[in-house]
Amino acid sequence: MGSLDATSTSLAEDLQDLQLDRPAKGLKSVEELEKLTVDEHLSDIERSVYLLSSGQEVQRISVIHNLPDLLRDTESHDECMRRVVPKVREVLHLAQTEMQVAASSAFLQILQKNLVPVQNYSQTFLQTILNSVDSKDPDVASAWLDTLLDVIDLLPKEVIKKEILGSAIAKGQLAQSVQSRLACCRILGKISTKFEPFVIKKEILPVVQSLCQDVDYEVRGCMCRQLDCVARGMGLEATKSAILPELVELTNDEECHVRIAGLETVVNILSLLDAETCGTTIIPLVCKICQQAVQAEDATLPVVATQLGKLCHGISDNLTDEQRQWFIDFYKKLCHVGLEKNKASSRVTTPLIDKDRGSKESDLTDIFELEDKLVECRKNSAYNFPAMVLFCGAKQFKPELHLTFTHLCKDPHFLVRKTISSGFHEVCKLLGNNANLIQSDLVALLKDESIEVLRGVISTIPAILDCYMSSGSNHTVSESKSGPLSDIIPAFLASENAIFTSHNWRLQEELMRNLSCLSRCYSSESLYNKVIPILRQKLVKARALPVKVAAAHSLLKLTRKVKKREQREEIYHGLIHDFCHARKCYLRNVFIDICRIVIELYSKKFFKETFYEYLLELHTDSVPNIRLSLCSILPDLKRLLILPTDRGLLQQLDACVRKLLVSEKDRDVSDGIQSAVEELDKIHIPMQSMTRRNFFEQDLDDQKKEEEEKLLLDNEEKELKKEEEAAEKKKGDKRNLVSAKKGSENGSSSRIPGPRKGSRAGLSGSNSTTKNSKEVSKTKIVPPGKAPGNKVQVNSNICKPSSGDSNINKKRVSSPKLSRLPLYNSNPNLHHGRPASPSLIPIKASTTSTTNKPSKTTRGSGIPAPGSAGTRRASVPTISTSRRGSLGGQLGTGSYYSLLLLLAWLARQLTFSALFPSFAVVFSFCISAGTHTAKFIKNLVFSDFSYEKLSIYQIMQ
């Protein structure tokens, strides 16, 4: 029980300590209020002087912050310089850190805004800055030193030489404190670029050389970092004679801090040196620094790994092949440093730790520090990998750096893998067409378990896929299943599982947005089957709203790339059903965000046809937040309308707004609809006639979107036609194969009877035609329609072939011989027991229906349909043929011309092979009809005759 009481007491004390910052109870006393009270009738200058003299610390800081504003006022400028500024300088001698920092910032603003002439500034504010740099408080001294360095950039050379140079040289003397000598190093580096080379050699260079030999290593390191600026002010020759010897000595310093500064200065000074100096001095020096860093494994090793990329790039033009190979091999060592040693140390150090308890903690600390340095070295090496690829060249990547890159991608520490994944897109760009070499490494990074590693590669995946698409892989995944993208994209989609198991919603949002880049490398069918289901699922189940919005944006962007209209409509209807008509209110709220994205990505016409009315339905929603969100999108809806086309949509919008104004009871929604109404009144709806002239530039983007949507529909129709034609052609080829086999079995036999023996019927048989006509004129045959006891049936096959005939029509004929024409009996024998005989009876004007009920026709009616009976007209002679089963006994010449016109119209719609049997039947009749008709049919059927060039009038003639 005692232990419990002690624990509870300690917890109470801890809680009491947490409440130390709680404001004190009670009000201010009268004395405190009087101290903070200022007369309201005082002017700004008088009030500032009063507060600086007897005010509180907070009030003084406020006056110093407002000092630039007081000087900006032209009326109070002179009085402020005469009364306020001296008071500020007086107060700063004993001011605390916060007031000193505020004054340093205010003094810099005065010079930056040119509120005071430079001469006045140097006599007042600059002297305060120079005196405050020597403050004993390191924070105050650092703040004023930064202000002085910024002021040097704004002051003229004469003022710097007169006011600052002497003070800086005095601070660099050995008798001064370390803080003063450090400030001198930075000031000399800043002013070296302001003077001529001879001034630097005379005034500054001796002090620089003295500080490079300073007894304190911090001073030597600080001066070493400023040698770059001093060298640029002096020039190449003076640098080679005066600066380089000091730099070489500093890189060999006993202190690691100084050597690091020396290496950084060498990298920064490379652009100033010539090729000879680089070859004789810099390259041997750098090689020595790198070897010492690897051997010592001290703090210089991560710095060498950091600077190696810049170093190799700066000296690449001056390297021999052997030296270039040395730097590449050294970089490989840096990428593998610590990996083998960690395995060995884990075996050796474990039994030794138990010997001495006192050395146990120190040994562990040293091991962890060394391991951290080695990990940092590999991390920095991974950061410099793109620079080394540029140094090595894309052609030498596979033999030199490919294996090293794979090791970095599989490094045991996640920081190394994170760094290499963040620069993966840079490596892809440098490799170009050889980017497929690192395909497996990208897949490994996408399958990594660390969220930090996935963040690096997911954020740059659009650039990576662009590199693969442009490097000889210009095809989608479905078109090339063996291509590099066939492995990368499934791994990219699979990374979604690991990312959504974490709570990093920003990474989830980035993944959802980057999924839209798959439209360039995935086919339409693959997008619909693989990517879009993921987006639709996350759109419903994701927790964070930004993730839902990103998923909706990518979904609607990818849907524009889906080629099939049915699939697109299914997605749109799914959005309406799952969100607009959802039972959960937060899903209905997401629907409003979806509509905003549709307005952004799609055309106005599409939105009005698809989502407009569903969105307006939400004004009757029972949740006030939904109605409030709807109010914010109402002005966007009005901007979509064009009169008079969208008058009905405008009426719906007005009805929605009117209902919300009248019946809304929620205060926030009422305020929201009032704000929406004010904005709606400012929106002018354009007229359709004015749109093309005045609003063309504003709607240019919308017109482009509408054209893309229309092009998508047109392409879909073309593809459907191509598929139908391909299927029909395939079926026709199969039937032709079957007909060819039958033809080879039957020989050249035909079901159409040939000409009688002794007749000279032929293609130009005019004699046989006249002979047959004479024989026919002697015979008199009763028309079949008047046969007793039989009902006349009109055969519809004359005008419309049956399904069985259509299959016959699709057969192709190898050669247009009459003997191979199939038998075609368009009017079978309706009188059982009687042979069908040709008729010479003229056609009557009235036609007979299927019920044998005559119908009256007006005079001058059109040409009777084939197979119909009519009144006798002397002006239209009837020609018949003696062939059995032909059309001669039932049709006249006018009817045949009508049939020819019908077949000619069908010729525009169907192929020649489909119409060949029909033309053959007509030709079999017209053999005896006369020379002109026979020649016409011959040209139409058996020649390369273009019906497109023949008019209806020519056919009738």
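Backbone N, Cα and C define each Cβ position, glycine as well.
Please treat TrEMBL annotations as automatic predictions, because they have not gone through curation.
As recorded in TrEMBL:
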type     : residues : note
COMPBIAS : 710-736  : compositional bias 'Basic and acidic residues'
COMPBIAS : 844-858  : compositional bias 'Low complexity'
REGION   : 710-886  : region 'Disordered'
REPEAT   : 204-241  : repeat 'HEAT'
REPEAT   : 243-281  : repeat 'HEAT'
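For the compositional bias 'Basic and acidic residues' (710-736), the DSSP counts in helix, strand and coil order read 27 helix, 0 strand, 0 coil. Averaged over the repeat 'HEAT' (243-281), the predicted model has a pLDDT of 90. Residues 208-209, 212, 217-218, 220-222, 224-225, 227-228, 230-232, 234, 236, 288-289, 292, 298-300, 303-304, 307, 310-311, 314-315, 317-318 of the same chain sit 6 or more residues outside the repeat 'HEAT' (243-281) yet have a Cβ under 8 Å from a Cβ within it.
Secondary structure of the repeat 'HEAT' (204-241), assigned with DSSP and counted as helix (H, G, I), strand (E, B) and coil, comes to 32 helix, 0 strand, 6 coil.
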